[in-house]
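K.L.:
Okay, so TrEMBL annotates it like this:
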BINDING   Ser60, Tyr129  Fe-coproporphyrin III binding site
BINDING   His196, Glu291  Fe(2+) binding site
Amino acid sequence: MKNRVVEPAQYDAILLASFGGPEGQEDVIPFLRNVTRGRGIPDERLEEVSHHYRANGGISPINSQNRALKAALEAELAARGIDLPVLWGNRNWDPYIPAVLQEAYDAGHRRLLMLTTSVYSSYSSCRQYREDIGIALTETGLDGKLAVDKVRQYFDHPGFVEPFIEGTAASLVRVRAELAAAGKAGAPVHVMFATHSIPTRDAQAAGRSELQPLVFEQDSAYVAQHLANAEAIMARVDPDQEWSLVYQSRSGAPHVPWLEPDINDALAERAAAGVAGVVVVPLGFISDHMEVLWDLDTEAKESCAELGLVFDRAPTPSTHQKFVAGLVDLICERTIENHIEERAAMTALGPWFDVCNPGCCANFRGEKPAISEVGSTVGLVAPGAAAAGGL
Ligand SMILES: CC1=C(CCC(=O)O)c2cc3nc(cc4[nH]c(cc5[nH]c(cc1n2)c(C)c5CCC(=O)O)c(CCC(=O)O)c4C)C(CCC(=O)O)=C3C
Ligand SMILES: [Fe+2]
């Protein structure tokens, strides 16, 4: 391993790992219990944060979006002649990661490559997935028998960024046209890149470790990665266009600081400063799941209506051909067959590492076994162990 770039290997399957979401009203509270596991939050409190799921029939769109992504990945792999099945497992809902690992093992797989649906560095978006696998391997007794590696965080891979460049440009055209049609041609427009807020403490721990106390100008790899991405996008869309990074979907206790400004506050501020229209770019997400449909397409859109701002939301990468092809390129960075040597990255921060340093993105809730970390042995299989423990 050089510069935390892992040698290409032979894998038996891809594990598409995601958040999961409820698929009916009866799933909502059990799902929220899973999300907040170990924090003793009473069901009455969970009911309060369930309104967006309740309003949508108790259904999150995230699972069907992941099924579509899985199918698109399978098609792209097949088109390139790559013989790797795609398994799908979630952190918070069925199909659960531990069960999927067990099924993979029972089906004869011995080495998996995990690809997550979250792209930046932070506890929730990177380390927690590494822990999910570490815990699942330990609890199922599969550790040492089933190897699991992880694809690098891919926030600045062209497959993720290019659909946003197209989408932001098209959205800007629509907002400018709508303003012109309303007799406000040339009125000021603002591009807002929106991502999930996280506790400030998590933001400061993102991408940082004892071995590499990376210090970013923004004091956070999470923030720095979003800013670098937004800059790369706007340099190509319109270098003169004003933009900013804003946050959404804050939860947790009010006295705990999270990243700000909240998108709705930012909209009010821009409106007061004379902005007439906004393009909202969901830069933190790969698909139009509940955080996008509710917090942006419902709440932020409503804020815009109240403030008299023209609103347009750029699409997420979803199953855009460039995104799907980019994910397969990221897989090929790690495979011997169809190997891709050169690592694509559109910002100066990337390409990000295959393995994290010890303590990277730690969230202060105690040590847990985590895969894909320098010095960690969970998820690794000693040479020969796979054959010895065979079918
Ligand atoms: C960085 C980040 C991403 C982006 C990366 C990624 O994509 O993974 C993300 C995605 C998502 N977050 C989601 C849903 C939720 N997040 C919650 C709570 C939290 N998120 C956090 C962070 C993130 N979250 C944090 C620090 C918390 C509080 C602590 C905790 O509880 O861990 C809660 C609890 C209830 C509440 O407090 O609101 C829910 C229901 C869904 C599913 C949407 C759907 O169903 O379509 C998705 C994709
Ligand atoms: Fe979340």
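Keep in mind that glycine also has a Cβ here, set from the backbone N, Cα and C atoms.
Unlike curated records, TrEMBL annotations are generated automatically.
Predicted, not measured: the structure shown is a model, and the values here were computed from it.
How buried are the listed features, and what sits near them?
P.N.:
Taking Cβ-Cβ distances under 8 Å and a sequence gap of 6 or more within the same chain, the neighbours of Tyr129 (Fe-coproporphyrin III binding site) are Ala17, Arg91, Met114, Thr116, Ser118, Lys150. A helical conformation is recorded for Tyr129 (Fe-coproporphyrin III binding site) in the three-state DSSP classification.
For Glu291 (Fe(2+) binding site), the count of additional Cβ atoms within 10 Å of its Cβ stands at 21 [all protein chains shown]. The secondary structure of Glu291 (Fe(2+) binding site), as reduced to three states from DSSP, is helical.
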K.L.:
Relative to ligand 1, which of the binding-site residues Ser60, Tyr129, His196 have a Cβ found under 6 Å from one of its atoms?
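P.N.:
If the test is a Cβ under 6 Å from any atom of ligand 1, the answer is Ser60, His196.
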K.L.:
List, in sequence order, the same-chain residues at least six positions removed whose CB sits under 8 Å from that of His196 (Fe(2+) binding site)?
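P.N.:
Correct list: Ser124, Ser125, Tyr247, Gln248, Ser249, Gly284, Phe285, Glu291.
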K.L.:
Within 10 Å of the Cβ of Ser60 (Fe-coproporphyrin III binding site), how many other Cβ atoms are there?
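P.N.:
Here the count is 26.
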